[in-house]
């Protein structure tokens, strides 16, 4: 099979710049919908609907003209096809998910009302996950298809090689569970990596520790900036302002050995020292 034909599905050429790999395995699609459990009238948005493989069963289960499924899509060629296929049961938002205001779909009030799903483009998955975290207070849950390596980092425990900045920053915000493995042959064109389905449920505001998330991000970024070095080196800039001994924080460790709660404690101490 030629490279061009392998990238074509239903008359559409998958675009590398959009990270397009279309899900075609009906069994996997059914399994994904089963774990999402969409209900009629729910407020849901799909990121990157593509050719509508997941969109179709979601529309069937939850959409009405008064409460359509929402979708964010960047590829204009696909938008026309999706509009024609789903009509007023799908409300399309043309644009880049990295810049989209997901809070605008959550409705009035401050309670979580939005469910987010999608086969996320692997080339932007980490920045997109961080962008989505800014709307976590309005979100009920998220179900995503991602590169398996990314999912393993999301659910990694301290002490493992997969534990990373991504692990800390997302586990601070969400309860995260890996649900399903998805092989490359489930897609057209097949990606060069394995994939997985992950569920993310945001903690309620009262469950989150009081911490400046910008400070937390700075501390975690510094800690993981040189993974093989001890924290006494990577966090050296904080040693004048933070009493690590009083915190019970052992600097004779590497970044991947520190639980999320301890990073939060350091960030809180940094804020206290700065009077913020």
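The chain as shown is numbered from 1 upward.
Cβ coordinates are placed from backbone N, Cα and C, and glycine is handled just like the others.
Together with 21, 23, 73, 96, 119, the S-adenosyl-L-methionine site in Swiss-Prot holds one more listed residue from 41, 48, 52, 107, which is 48.
In this entry, S-adenosyl-L-methionine is bound by 21, 23, 48, 73, 96, 119, whose most widely separated C-alpha atoms sit 20 angstrom apart. In the structure shown, the C-beta of 73 has more C-beta neighbours within 10 angstroms than that of any other entry among the binding-site residues 73, 96. Residue 23 (S-adenosyl-L-methionine binding site) carries a strand DSSP state (E or B).
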